[in-house]
Amino acid sequence: MAGGSLGPAGVAKERAEQYQGKVTPSVIVACFVAAIGGSIFGYDIGISGGVTSMDAFLKKFFHDVYLKKKHAHENNYCKYDNQGLAAFTSSLYLAGLVASFVASPVTRDYGRRASIICGGISFLLGAALNAAAANLAMLLTGRILLGVGIGFGNQAVPLYLSEMAPTHLRGGLNMMFQLATTLGIFTANMINYGTQKLETWGWRLSLGLAAAPALMMTVGGILLPETPNSLIERGKKVEGRRVLEKIRGTKEVNAEYQDMVDASELANSIKHPFRNILERRNRPQLVMAIFMPMFQILTGINSILFYAPVLFQSMGFKGDASLYSSAMTGAVLASSTLISIATVDKLGRRALLISGGIQMITCQVIVSIILGLKFGPNQELSKSFSILVVVVICLFVLAFGWSWGPLGWTVPSEIFPLETRSAGQSITVAVNLFFTFVIAQIFLTLLCSFKFGIFLFFAGWVTIMTIFVYFFLPETKGVPIEEMILLWRKHWFWKRIMPVVEETNNQQSIST
């Protein structure tokens with residue numbers, strides 16, 4: 001403990017080589033069902049952009065935007081610039097930000113399943129309210145309930161996956177959350193492509209179908225087993241060991257079980273995890289919990305996915321073509337996540353993040369050059385350049401899908417010790433949703449102001465984050481989740497920040 005006092009200090013030695021077990025059907029099923037929680041996040045990202053480009057929706061709730069859209073000589077970059085329309089998209093993420101902090105004590109005190117169930121129910125109610133919306137207030141209330149659902153779901157699901165997965169496959173199984181997110185985006189894009197033909201009520205169907213993944217998430221949360229880490233943390237050691245033996249397929253789980261017990265002893269001695277997370281021993285994890293989700297959003301990916309139909313219409317694509325193009329980007333994102341799942345536990349986190357960053361920078365610079373030279377006021381892209389822009393954007397999405405997309409969630413969820421894990425995940429979700437909210441709120445204004453320079457703006461951020469990963473993120477591949485604390489003491493930079501650990505009578509004394 002700080003100041004040199006004696007007491008439980010979590011995992012003190014490496015036991016990874018003693019871990020036994022295999023990938024069992026029970027852990028695969030549990031991770032698959034839990035990952036459905038990611039689909040509610042993805043569905044909303046995909047559905048929002050399509051709905052906000054539908055004439056019937058704009059005419060009912062955002063008539064000014066509808067009139068601007070129909071104005072033949074409006075500035076191409078500014079035709080959708082409206083703070084009310086941006087608020088429709090971004091209000092959800094502000095609500096999710098607040099909800100993520102409420103979800104933290106629920107996840108810690110009542111288990112990961114409790115937060116998954118709460119998130120599913122809230123999202124279900126929000127979807128129903130949005131589908132039946134008769135005015136803007138009703139619409140925004142529904143969005144806020146959806147946000148609460150996302151705040152709880154995004155807080156609990158990545159933790160659940162990281163704790164259930166065996167060490168050697170943790171990266172791949174954790175990425176099922178991102179795979180579900182991308183499939184949700186793709187499904188939403190395809191639904192929008194169909195419902196935009198239903199002129200008067202297509203938008204209601206698009207928004208209402210969000211109830212489907214929410215229902216699956218709720219039922220899944222009820223049926224799933226709790227993670228052994230959470231059970232042991234809450235004093236249910238016998239049940240925790242039973243679940244651990246079941247998901248590992250062996251009775252020989254002593255080493256992993258002991259790591260969990262050691263971690264839980266420290267976790268239970270910490271009464272204020274948000275205060276504890278500020279201590280020096282947690283400084284590296286806190287930095288990653290802030291910067292990884294912030295950088296994930298500052299790639300610009302959400303701007304493209306939120307507003308893909310709007311963006312493509314601004315570039316001169318007609319209605320059907322713009323939705324088709326955004327559906328294509330959704331399909332690319334979903335398929336690219338499979339690349340990451342197959343390679344993350346072989347190549348490691350750093351290799352994927354750095355290679356993905358380099359490809360994203362290249363693509364954003366190319367798009368900005370094309371738009372700068374060939375696209376301007378009252379000028380549409382030619383067919384050949386329009387196709388080229390879509391291809392390059394798809395290459396950008398491909399790179400994001402194997403790197404920052406899944407790893408922006410995976411890395412923060414696996415690096416925190418048990419005593420601050422739920423608090424750390426809340427910070428990760430809150431930062432992600434805060435920057436999602438900010439970018440969603442200002443993107444249309446930035447597009448209007450920066451024009452083609454918007455892509456250079458995001459390219460600059462991707463350059464910064466790629467350099468950050470190269471110097472400051474250690475490789476977490478193959479490191480047991482309860483031994484992650486030991487990794488930072490070996491890193492060239494973070495070992496200078498971490499407090500000195502002294503061994504005294506088999507107990508640790510941490511001197512600051």
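Here the Cβ of each residue, glycine as well, is placed from N, Cα and C on the backbone.
All annotation found in TrEMBL is predicted automatically rather than curated by experts.
Remember, it's a predicted structure, so these values are computed and weren't measured experimentally.
Annotated in TrEMBL:
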DOMAIN    30-477  domain 'Major facilitator superfamily (MFS) profile'
TRANSMEM  23-43  transmembrane segment
TRANSMEM  85-104  transmembrane segment
TRANSMEM  116-138  transmembrane segment
TRANSMEM  144-161  transmembrane segment
TRANSMEM  173-191  transmembrane segment
TRANSMEM  203-224  transmembrane segment
TRANSMEM  286-310  transmembrane segment
TRANSMEM  322-344  transmembrane segment
TRANSMEM  351-373  transmembrane segment
TRANSMEM  385-405  transmembrane segment
TRANSMEM  426-446  transmembrane segment
TRANSMEM  452-473  transmembrane segment
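Long-range contacts of the transmembrane segment (144-161) within the same chain, counting only residues at least 6 positions beyond its ends with a Cβ under 8 Å from a Cβ of the stretch, are 31, 34-35, 37-38, 40-41, 44, 91-100, 102-104, 106-107, 112-116, 118-127, 129-130, 173-174, 176-177, 210, 214, 217, 224, 227, 409-410, 412-413, 421-422, 425-426, 428-429, 432-433. Mean pLDDT, taken over the domain 'Major facilitator superfamily (MFS) profile' (30-477), works out to 86 on the 0 to 100 scale.
Only sequence-distant pairs (6 or more apart) were considered; of these, fewer than three Cβ pairs between the transmembrane segment (116-138) and the transmembrane segment (452-473) are under 8 A, so the stretches are not in contact.
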